[in-house]
Amino acid sequence: MSLRIVHYNDPVLRRKGEKITAFDKALSQLAKEMLATMQEAAGIGLAAQQIGRPVQLCVVDLRRAEIDFTWELDGAKPPLDLIMPMIITNPEITPDRETDVYLVEEGCLSFPKIRGDVPRPDAITVRYQDEHGTPHTLHCDGLLARCIQHEVDHLNGVLFIDRMEKKTRAAIDADVKTLAKITRAAAKLNPA
């Protein structure tokens, strides 16, 4: 079942997610529906806020990515197909001390057709729980690190446009304002 992805200017995108405490069938079902929604939208990550649920849950799947990245999960390097798709709850990110910050173009399913360069640390460690509540430590870099940082920002009410340099944000500002107007108009037509 595909869920509706909320677009920019929906207030839920600015809400910090509540910590997940119940690792039950309802959580597994929500994660499954989020994965289906993300895949249908041709995305590589999706946060719960993007489907209107302000909780600390996101999903990531980079199996089809054509950009290199490295990972180590709980001290091992399992094949990518064994760790993807990832269901991440209650994440905490620590950028590596010696990592570089790179400016790379990002998009977002809540900002259709809007893209811009975003500075992010290249390598991170993320501590999280999976859908069963099992704790994990993931060290990663490249696209995987960028994707997780983008989704975890959503979980904290931070959007990729907030991280852009002023020049980049100014270049897309008209498109962002247009999207905000469309979202407001749609909310008036279909109040929750």
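The backbone N, Cα and C atoms fix where each Cβ goes, glycine too.
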Can you tell which of Cys108, Cys140 Swiss-Prot lists as binding Fe cation with His150, His154? Cys108
Test of understanding: give the count of other CB atoms lying within 10 angstroms of the CB of Cys108 (Fe cation binding site). 26
Same-chain residues at least 6 positions away from His150 (Fe cation binding site) with a Cβ under 8 Å from its Cβ, in sequence order, are Gly45, Glu106, Cys108, Val118, Arg120, Phe160
Where Glu151 (active site) falls in three-state DSSP terms: helix
